[in-house]
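**Q** I am attaching a structure below and will ask some questions about it afterwards.
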Amino acid sequence: MGGPAAARTGAGGLRALLLALVAAGVPAGAYNLDAQRPVRFQGPSGSFFGYAVLEHFHDNTRWVLVGAPKADSKYSTSVKSPGAVFKCRVHTNPDRRCTELDMARGRTRGAPCGKTCRGDRDDEWMGVSLARQPRADGRVLACAHRWKNIYYEADHILPHGFCYLIPSNLQAKGKVLIPCYEEYKKKYGEEHGSCQAGIAGFFTEELVVMGAPGSFYWAGTLKVLNLTDNTYFKLNDEAIMNRRYTYLGYAVTAGHFSHPSITDVVGGAPQDEGIGKVYIFRADRRSGTLIKIFQASGKKMGSYFGSSLCAVDLNMDGLSDLLVGAPMFSEIRDEGQVTVYLNQGHGALEEQLTLTGDAAYNAHFGESIANLGDIDDDGFPDVAVGAPKEEDFAGAVYIYHGDANGIVPKYSMKLSGRRLNPTLRMFGQSISGGIDMDGNGYPDVTIGAFLSDSVVLLRARPVITVDVSIFLPGSINITAPQCHDGQQPVNCLNVTVCFRFHGKNVPGEIGLNYNLTADVAQKEKGQLPRVYFVLFGETAGQVSERLQLSHMDEVCHHYVAHVKRRVQDVISPIVFEAAYSLDEHVMGEEDRELPDLTPVLRWKKGQRISQKNQTVFERNCQSEDCAADLQLRGKLLLSSVDEKTPHLALGAVKNISLNISISNLGDDAYDANVSFNVSRELFFINMWQKEEMGISCELLESDFLKCSVGFPFMRSKSKYEFSVIFDTSHLSGEEEILSFIVTAQSGNLERSEALHDNTLTLTVPLVHEVDTSITGIVSPTSFVYGESVDASNFIQLDDQECHFQPVNITLQVYNMGPSTLPGSSVSISFPSRLSPGGAEMFQVQDMVVSQEKGNCSLQRNPTPCIIPQEQENIFHTIFAFFSKSGRKVLDCEKPGSFCLTLHCNLSALPKEESRTINLYMLLNTEILKKDSSSVIQFMARAKVKVEPALRVVEIANGNPEETLVVFEALHNLEPRGYVVGWIIAISLLVGILIFLLLAVLLWKMGFFRRRYKEIIEAEKNRKENEDGWDWVQKNQ
């Protein structure tokens, strides 16, 4: 909450600040405790002045009583720092002086106090606790828990503790209480020897309750004195008394827990089982004992649950409720908390909630808790919770308000010690309230800050309750305009807002600023208001005015609000809100010492300080509940695609239409609309209707389209048809199905049995429709090998004897579209052996995809250089030469072929783009040389495949997805050198053999035995006869 700095803002700035704070729902500065004019009392330095504080009155005089447990006493100068109680007059004390109370006590060490009692007041801490009897002449209890009985000091010094009952007038001698003293008891730890009574004290009308945490070896106990018969109630519960070191009595209080007419006492034991406990006891007058009726436990070790207590009837049901502090409760470090227990009757308490303030680091929230009475005049008591170590020991105090449900969880006010005065330290260690200290009819609050030896009195400001009424017509008829905005007829309504205020002891008049806002519910939702005011010729959704009000007088202002044309939402009510804040307060005559305080507006439990009222649009309904019955039908249409197509091909379809039909079978449907939840990758193009039917669409989000149907309402038994068109060109295809969730709704109630046809889901599968192809080339397409081929034409690997022929194959995969190909694989197979048992011919060096948009798996030959070894002889060689065959074709599709297959996976391939794969290989020619073929033809086959799981569909009858790449190895036919020599030699030998064979044959046939001599002589005779005439006759 704001502090003094905010309260000192100038008049203009204060008005703006108040309006802003009204809008935020929190009061300016503090709520109704005046932090601008604190009344501060200062005590002796280093005295812990303010360790305990108490508001007190006697007759018409108001006092602030202050404990200073480390002060020196002017009445006991020989005693070392016994502590003191100071009284500070509130009125007629302009210098804020405080004087020490004279308790007329012994001034020397060892003063007698009983048969076996001698008192030692050194460092007794008088004023460690203060309490007041709750009546007009109530006495005051002041205690010094470190007071010691030194009668047996040779054996033990007994810190019994000491309390003093001071009369109401603070003048006469009071009554000494040493509740733990028992004659002839001298043991230190046992029973009450070290009880330290008075560390905490509480006063009821009849009982004095004093905590004694040191009794029974620090199990602790309560000392409860009945003032009526001057007897003590005893605690005889062995289960409690035997729990050593629990410190029962560290904090005490009392209230009406079991019955409105019965007083019960409460004791805190912050060390009980390490978590702390709180016990409620009934003071049984018959037995004179304390009987346990309730107990509660802390939640965390070391939280010191029960070290502060406050009994207060928060909900005013006649039974006390209980607040328990745990100042060392830690989430990080000692933030502290307070647990609130509500009384369920008969002493049974139930935890309602826990308070944490601001949960500040090391704040020790809950170190002190005080009942303040009803400081804001709302009929319920309020409480203050101290956090003295907050803000590095500056301290803070939080104010909480009771109500019919118990306590308001949010504090109404936070008082920062640092903001009140930068010198304050441990502000909030002690708090006292419940008494009207300045006479304005409201209880005030006094807070101690003992490390700065200070006490601050904060006065409560009068609280004003403003009654606001907003008068509106019961309904608005939007079918018959009653007003004009310029020349245009419009619907309108009369708005009247009235104010009056009341409050206790509010002097003078008040100025009130207010803002009247039209259709505030729409504004809170970030939507434009449906109604507006016309001010000075301009439209406005809000009117701001200032009023001067006198007590209980009502003032009203009248306005006309116009309804906007073509209002879509005619079902939700129109809410008007009047938010208000105080302006100026006309003061009466001021007292110079304690001036009258300006009033504040009543806090509304953290809500906006405003008033609302609403009206509705008039509706024509036949049924009592005005229930509509919307019925939705729809169909998907893909552009330029056959209706029978079962899917949407990405890239092929440019837009998609949803044909919608909506019918109303019930009463008139107000604010009827059809909404479309669609993919964020779709873009809304347009809405189409055959004829104007009052349908309009608005894209509220990238994936949410809302279409209003009918204006101002969709009539009963009517039917509307329209289409909405979306652009599908940006669909990525990440989703398998494109879904449209269509919902029809209206502002009317619609019966549950009629909702089944209000929602429609339209879907269409998304696929990638592609036409892929693959082509390939090889380099070189052919090459020559053989013994006579120069070795420089080939490649030799390091330390290898083999000669290799480089072979490079380039494949290109192309996507004709229309969709992007999300992924594909390419396989290439080629023969790798001449025969099933032969050696591997190829060494794959690399296989890469262009632009690194894919990856390939390689199978490298571990023994790329193999030279086949065969048992040859000259005759085999010559035979091979003369028996060479023609062409050998190696093809993986032939049976018995041994092939090498390589694979590549390609990334997404957009429409009309290609991807290149380069395969680099080496062919071992040494293996080819062993083959007798003159030409070896290699058939490499490559194929592209799409993955069905990626929802890819190939276009039927499209481009081929397979290609054939052919390259040839040509064997050089020249024989080897030694073979040529052998051929010549063998040829000569064969020729001679043939000649000899012919000669023998001729000889056998007698060719060489002819009668050449007779033939010659016959020929000679023939010639001679030709020369004569009778050669013929002679011959005959």
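Glycine residues also receive a Cβ, built from the backbone N, Cα and C atoms like all the rest.
Quick paste of what Swiss-Prot says about this protein:
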BINDING   Asp374, Asp376, Asp378, Asp382  Ca(2+) 2 binding site
DISULFID  Cys88-Cys98  disulfide bond
DISULFID  Cys143-Cys163  disulfide bond
DISULFID  Cys180-Cys195  disulfide bond
DISULFID  Cys483-Cys492  disulfide bond
DISULFID  Cys498-Cys556  disulfide bond
DISULFID  Cys621-Cys626  disulfide bond
DISULFID  Cys697-Cys707  disulfide bond
DISULFID  Cys856-Cys892  disulfide bond
DISULFID  Cys899-Cys904  disulfide bond
CARBOHYD  Asn226  N-linked glycosylation site
CARBOHYD  Asn494  N-linked glycosylation site
CARBOHYD  Asn515  N-linked glycosylation site
CARBOHYD  Asn808  N-linked glycosylation site
REPEAT    36-97  repeat 'FG-GAP 1'
REPEAT    109-175  repeat 'FG-GAP 2'
REPEAT    183-233  repeat 'FG-GAP 3'
REPEAT    234-290  repeat 'FG-GAP 4'
REPEAT    291-350  repeat 'FG-GAP 5'
REPEAT    352-409  repeat 'FG-GAP 6'
REPEAT    412-475  repeat 'FG-GAP 7'
MOTIF     1006-1010  motif 'GFFKR motif'
SIGNAL    1-28  signal peptide
TOPO_DOM  29-981  topological domain 'Extracellular'
TOPO_DOM  1003-1036  topological domain 'Cytoplasmic'
TRANSMEM  982-1002  transmembrane segment
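Show me how these features fit into the structure around them.
**A** When secondary structure is read from DSSP and collapsed to three states, Asp382 (Ca(2+) 2 binding site) falls in the strand class.
Long-range Cβ neighbours of Cys98 (disulfide bond) (same chain, at least 6 residues apart, Cβ-Cβ under 8 Å): Phe41, Gln42, Gly43, Val64, Val66, Phe86, Lys87, Cys88.
DSSP classifies Cys163 (disulfide bond) as strand under the three-state reduction.
Applying an 8 A CB threshold to same-chain residues 6+ apart, the list for Cys180 (disulfide bond) reads His160, Gly161, His192, Gly193, Cys195, Ala197, Ala212, Ser215, Lys223.
The Cβ of Cys483 (disulfide bond) has 15 other Cβ atoms within 10 Å, all protein chains considered. In the three-state DSSP assignment, the secondary structure recorded for Cys483 (disulfide bond) is strand.
For Cys498 (disulfide bond), other Cβ atoms within 10 Å of its Cβ number 16.
Take the CB of Cys621 (disulfide bond) and look out to 10 A: across all protein chains shown you find 16 other CB atoms.
Cys697 (disulfide bond) falls within a strand when secondary structure is assigned with DSSP. In the shown protein chains, 19 other C-beta atoms lie within 10 A of the C-beta of Cys697 (disulfide bond).
Within 10 Å of the C-beta atom of Cys892 (disulfide bond) sit 17 other C-beta atoms, taking all shown protein chains into account.
Long-range neighbours of Cys904 (disulfide bond) (same chain, six or more residues apart, CB within less than 8 Å of its CB): Ser825, Val826, Ser827, Met847, Val849, Gly854, Asn855, Cys856, Ser857, Ile917.
In the three-state DSSP scheme, Asn226 (N-linked glycosylation site) falls into the strand class. Sequence-distant contacts of Asn226 (N-linked glycosylation site), defined by Cβ-Cβ distance under 8 angstroms and a gap of at least six in the same chain, are Glu206, Leu207, Tyr232, Phe233, Ala283, Arg285.
A strand conformation is recorded for Asn494 (N-linked glycosylation site) in the three-state DSSP classification.
Asn515 (N-linked glycosylation site) carries a strand DSSP state (E or B).
Close to Asn808 (N-linked glycosylation site) in the fold, though at least 6 residues off in sequence, lie Val778, Ser779, Asn918, Leu919, Tyr920, Met921, each with a CB less than 8 Å from its CB. DSSP assigns Asn808 (N-linked glycosylation site) to a strand segment in the three-state reduction.
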**Q** Taking every protein chain in this structure into account, which of the glycosylation sites Asn494, Asn515 has the most other Cβ atoms within 10 Å of its Cβ?
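**A** Output for this query is Asn515.
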**Q** Measuring Cα to Cα, tell me the gap between Asn494 (N-linked glycosylation site) and Asp374 (Ca(2+) 2 binding site) in whole angstrom.
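**A** Asp374 (Ca(2+) 2 binding site) has its Cα 40 Å from the Cα of Asn494 (N-linked glycosylation site).
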**Q** Could you pull the average pLDDT for the repeat 'FG-GAP 1' (36-97)?
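**A** Average per-residue pLDDT within the repeat 'FG-GAP 1' (36-97): 95.
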**Q** Do you know the DSSP helix, strand and coil residue counts for the repeat 'FG-GAP 4' (234-290)?
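**A** The breakdown for the repeat 'FG-GAP 4' (234-290) reads 7 helix, 23 strand, 27 coil.
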**Q** Which is it, of Asp374, Asp376, Asp378: the one of these binding-site residues whose Cβ has the most other Cβ atoms within 10 Å?
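**A** It comes out as Asp376.
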**Q** Pairs of Cβ atoms less than 8 Å apart decide it: which stretch in 109-175, 291-350, 352-409, 412-475 has the most with the repeat 'FG-GAP 1' (36-97)?
**A** 412-475
**Q** Using a 10 Å cut-off, grab the number of neighbouring Cβ atoms around the Cβ of Cys195 (disulfide bond), all chains included.
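**A** Taking every protein chain into account, the count is 28.
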**Q** Can you tell me how far the Cα of Cys621 (disulfide bond) sits from the Cα of Cys498 (disulfide bond), in Å?
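**A** Roughly 34 Å, rounded to the nearest whole number.
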**Q** For Cys556 (disulfide bond), what is the secondary structure state per DSSP, taken as helix, strand or coil?
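**A** For Cys556 (disulfide bond) - judged by DSSP and reduced to three states - the answer is strand.
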**Q** If you measure Asp378 (Ca(2+) 2 binding site) to Cys498 (disulfide bond) at Cα, how many Å is it?
**A** 22
